Amino acid sequence: MNLYNIKHPEQQVNFAQAVRQGLGKEQGLFFPQIIPQLSHINELLNLPLVERSQKILSAIIGDEIPSETLNVMVKNAFTFQAPLEKVEEDIYALELFHGPTLAFKDFGGRFMAQALAAVRGDGKITILTATSGDTGAAVAHAFYGLENINVVILYPKGKISPLQEKLFCTLGGNIRTVAINGDFDACQALVKQAFDDATLREAIGLNSANSINISRLLAQICYYFEAVAQLPKEKRDNVVISVPSGNFGNLTAGLIAKTLGLPIKRFIASTNANDTVPRYLQSGEWAPKATVATLSNAMDVSRPNNWPRVEELFKRNGWNLAELGAGMLTDTQTEETLKAMHKIGYVCEPHGAIAYQVLKDQLNAGETGIFLCTAHPAKFKESVERILNLELPLPETLDKHNKLTLLSDEMDNDFAQLRAYLLK
Ligand SMILES: *Cc1c(COP(=O)(O)O)cnc(C)c1O
């Protein structure tokens, strides 16, 4: 598999290099040179998740990774299901939260850990990533206990839910977590600065594990196929998928699935008040505002770092950006939506609820809608219980971590401090 840097197309790498480096020159994103057209889509859709995903990923990655190795990677990563639940007539929820950290980021995080272990060579590796909540948990759990791989995770202090924090800041061992006095964009900026520092990068074998790593995106393609595979055959013709979006990795993966030949009519990018993309699609003007805190905090991102890949896909496929649906919900609207969903028998959490409502507002007659449920409601227990006035039992994984002590360090939004910490 060959990839190029979107910012510097002359920089070309193979899959192993892209996984190890994460980002290219000047923080450019790597992008596949060729996205193959898959034939026999219907036969693929008949296969079980793991077997189908092995075939899809092998078609994209090619012979750079021996197929036996790739098969083991996929099998080790995808140890849980992604059920499609009917919520109402023509609207389905794709539940991506049945993994070990109860969020869709388990798919990308676990496959990335497998990929990195497969291509790492002998050098020391430090995973440095910024999280607005769920990436951190998924990365921490995916890498926990892997030999010679150190993990450092930055997150905005006080801006993720206490339960979320417990889930990944209690592991210890090769996992270090740092609460930054700043917002998620500040954390992301620190990570970018670290990657720009060639000396540091070399010294500790820096590697990013957030949604910019290509291996995460490749893993996420697979559950779009799984969604369509679970639809009744007569519902597969006019499928519209609504993606709750923050950094837009999830949407990028969906668009790659469509490029591969998965029959998706269109996508909808759904956001909270951090609506840089919906406004951009309306006005043509890229005008990020200061990030605001919302109920759907994993989407509190005003400068989505995967957006260049979305544009690259549209450009290369000759698609028009006007075909991309988009919409946003305020927190008040999100609360109303959660209540309305509860009334029809589905307990959701804020991210999924946003995707549901924007989908419902934009779905046309004759279309089948799917919205992605990116986290288990219990991960947003405080909000969901308050809004729906009910008590959610804690799933076992969360309950276990909730009883442990936080091990995080605290730090100002200061690169010099972070650099010293990383070299320690
Ligand atoms: C990360 C996350 C998102 C946003 O996904 P992106 O790929 O960054 O757009 C949405 N919902 C939840 C629960 C998340 O953790």
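Quick reminder: no glycine exception, Cβ is built from N, Cα and C everywhere.
Here the structure is a predicted model, which means the values were calculated and not measured.
As written in TrEMBL, here are the features:
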- 10-78: domain 'Threonine synthase N-terminal' (DOMAIN)
- 86-367: domain 'Tryptophan synthase beta chain-like PALP' (DOMAIN)
- Lys105: N6-(pyridoxal phosphate)lysine (MOD_RES)
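Assigned with DSSP, the residues of the domain 'Threonine synthase N-terminal' (10-78) fall into helix, strand and coil as follows: 43 helix, 8 strand, 18 coil.
Mapped onto three states, the DSSP output places Lys105 (N6-(pyridoxal phosphate)lysine) in helix.
The average pLDDT computed for the domain 'Tryptophan synthase beta chain-like PALP' (86-367) is 94.
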